[in-house]
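Below is one structure, written out as C-alpha cells; comments come after it.
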C-alpha cells in the first residue's frame, strides 16, 4: 500500500506555463465569442492573422475551441485514472489533479505522468 504522503501527492505546475495557457485560452475565448471587440490593429502580427481567421474560418475556430475543452475533459479523467494507478488515493489530491489538469491540460498531466508513485496491485 502507498505511504500516506504518496497517497496525498499533489504538485502545482509551473507558473510560467499556467500563465501562458491562461492567456492563450483567454485570447482564444475572446476571439471565438467577442471577435468584434478585438483591437486587431494594436496586436502587431497577431492582429491581421487573427482577423483573417475570424473572417474566413470562424466555424473552424469555434469547433477547435470546443474540441480543446473536450480534450481537457479527457485529460482530467485520465488524471483520475493515473492517480489511482499511482497510489494517490486521497480524494482531495485527486480533485486537485482533476481541476489542475482540466484548466491547464498537458502542463499538469506531464507532472502526474512523471510521478513514480507506488502502483496499486490489480485484483
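Even glycines carry a Cβ here, placed using N, Cα and C.
If you look up Swiss-Prot, you'll see 2 marked as N-acetylalanine.
The transmembrane segment annotation in Swiss-Prot covers 15-35 (among others) and rests on sequence analysis.
The transmembrane segment annotation in Swiss-Prot covers 61-81 (among others).
Residues annotated as transmembrane segment in Swiss-Prot, with sequence analysis given as evidence: 95-115 (among others). Long-range contacts of the transmembrane segment (95-115) within the same chain, counting only residues at least 6 positions beyond its ends with a Cβ under 8 Å from a Cβ of the stretch, are 9-14, 17-18, 21, 71-73, 75-80, 82-83, 86, 88.
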Fill in the blank from the handout: Residues outside the transmembrane segment (61-81) whose C-beta sits under 8 Å from one of its C-beta atoms, at least 6 past its ends, are 25, 28-29, 31-32, 53-54, 94, 97-103, 105-106, 108-109, 112
